[in-house]
Amino acid sequence: MIKTTLLFFATALCEIIGCFLPWLWLKRNASIWLLLPAGISLALFVWLLTLHPAASGRIYAAYGGVYVCTALMWLRVVDGVKLTLYDWTGALIALCGMLIIVAGWGRT
């Protein structure tokens with residue numbers, strides 16, 4: 001379960017970076033060259049999704065919970081926004097949903 005969770009976090013980080021770099025280019029007038037590492041990051045994101053040991057629909061559903069938590073960590077660390085009780089509560093609920101889905105893999 002720990003390996004799967006870490007793989008989910010790595011997958012989410014690649015997706016967030018792959019989307020953040022074009023955002024910097026479009027919203028903050030950053031270099032267009034950021035699109036190159038963004039494309040690489042998104043390709044890595046897709047490849048990482050293929051490493052998960054379950055049906056794709058289950059992967060995407062469980063991944064959503066980890067993505068929420070990773071995005072909130074990004075909000076805190078990169079954007080410098082203090083997380084609220086609502087952020088923490090939502091992340092906990094999303095992560096619980098992910099854990100329930102992952103725990104059910106192979107049991108059906």
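Note that Cβ sites are derived from N, Cα and C of the backbone, with glycine treated the same way.
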### Query
Are I2 and R58 on one side of the membrane according to Swiss-Prot?
yes
### Query
Looking only at residues six or more beyond either end of the transmembrane segment (6-26), which have a C-beta under 8 A from one in the stretch?
32, 34-35, 37-42, 44-45, 48-49, 51-52, 62-63, 66-67, 69-71, 74, 78, 98
